[in-house]
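Below: the structure, in structure tokens.
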Amino acid sequence: MLNRETNGHTRVCRQGHTSSQAPFRRVPPSDSPTTTRREATLPGQDLDHLRNADPSRAERAFTVLAGLFIGALVITNAVASKFFVLFGQELSCGIIAYPVTFLATDLISEIYGRKRANTVVGAGFVVSVFITVVVWIANAAPTYEQSPVTAEAFNSVFGLLPGIVLGSMVAYLASQFIDVQLFEFWRRLTDGKYMWLRNNGSTFFSQLVDTIMVVTIALVIWPEVDGNPGTTPLAFETWQGIVFGQYVFKLGIAALDTPLFYVATHYLTNWIQADPRALETDGVME
């Protein structure tokens, strides 16, 4: 990884570009000729350097960004069952926090590269599945008669609707991986210039994919196949209104986070490079 001046800030980029500053480089792997192997180790001893090492700034920043992504994803699912009205459109409270996940992956893609961003997206899916399983078990567990929260009240908040769960999972994977790939595409196409283009160009399209897939799977496809006569697929006019309202709101949030993306990228890259260990980042940078 090398540093390059882009749009007034210093960012981390891949080898092959020139720079006046010292490059990020990976620590040689364990089988490198420059690495001395231990002749005899007990189980776990080879991880002692990880347990005792002070995390670099690059590792700390990545942990915070990954935590922000997972946190936004969790809270999105937690508040998604409540709706509010904005400019005549009924919107789920989940769309308040969900755009933060795209900001987090864009920052990770910008600083650490596509592979790290995809890793976080995969971790988010694992967390979502885990939460779904735990909530399902909690709903299925018998309720204590003196429980301060009744089964009905609990189910009204944490009840799982299969169509919504399926739609959310599929849309999450598709939109997040598309966002990461498009971000990298625009970055390479513009040779690292025009941060606003890769930030918004990736988010705008991936948010559209997410919105269409969630509404279509949960409210059109699932009611058609679940065999419940009490549910019917949305009419096209209703589907169109829901998709349009949610997407316009998401576009507004995405546009507003552009200045934050610039500021966060500038601050984090400078903060990471001020670390005396910035030349050896243990392979954190791609």
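In case you wondered, yes, glycine gets a Cβ from its N, Cα and C as well.
Given the structure is predicted, the values throughout are model-derived calculations rather than measurements.
According to TrEMBL, the feature compositional bias 'Basic and acidic residues' maps to 36-51.
Taken from TrEMBL, the feature region 'Disordered' applies to 1-51.
What TrEMBL records for 61-80 (among others) is transmembrane segment.
Residues annotated as transmembrane segment in TrEMBL: 86-108 (among others). When Cβ-Cβ distances below 8 Å are used as the criterion, the transmembrane segment (86-108) is approached by residues 62, 65-66, 68-69, 72-73, 75-77, 79-80, 116-117, 120-121, 124, 176, 179-180, 183, 198-199, 202-203, 206-207, 210, 241-242, 244-246, 248-250, 253-254, 257, 260-261, 264-265, 268 of the same chain, each at least six residues removed from its ends.
The transmembrane segment annotation in TrEMBL covers 120-138 (among others). For the transmembrane segment (120-138), same-chain residues at least 6 beyond its ends with a Cβ under 8 Å from one of its own Cβ atoms are 65-66, 69-70, 73-74, 77, 101, 104-105, 108, 154, 158, 160, 165, 168-169, 172-173, 176-177, 180.
Here TrEMBL flags 158-183 (among others) as transmembrane segment. Distant neighbours of the transmembrane segment (158-183): 73, 77, 80-81, 101-102, 105-106, 109-110, 114, 117-118, 121, 124-125, 128-129, 132, 135-136, 138-139, 198-199, 201-203, 205-207, 209-211, 213-219, 221-223, 226; these residues of the same chain sit at least 6 beyond its ends, with a Cβ under 8 Å from one of its Cβ atoms.
Long-range contacts of the transmembrane segment (204-222) within the same chain, counting only residues at least 6 positions beyond its ends with a Cβ under 8 Å from a Cβ of the stretch, are 98-99, 102, 161-164, 166-168, 170-172, 174-176, 178-179, 182, 233-234, 239, 242-243, 246-247, 250-251, 254. Residues annotated as transmembrane segment in TrEMBL: 204-222 (among others).
Among the features that TrEMBL reports, transmembrane segment is placed at 242-263 (among others). Distant neighbours of the transmembrane segment (242-263): 7, 9, 86-87, 89-92, 95, 98-100, 102-103, 106-107, 110, 195-196, 199-200, 203-204, 207-208, 210-212, 215, 219, 234; these residues of the same chain sit at least 6 beyond its ends, with a Cβ under 8 Å from one of its Cβ atoms.
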Spatial neighbours of the transmembrane segment (61-80) far in sequence, C-beta under 8 Å, 6+ residues away: 55, 92-98, 100-101, 104-105, 107-108, 111-112, 116, 120, 123-124, 127-128, 131, 164, 168, 172, 268, 271-272, 284
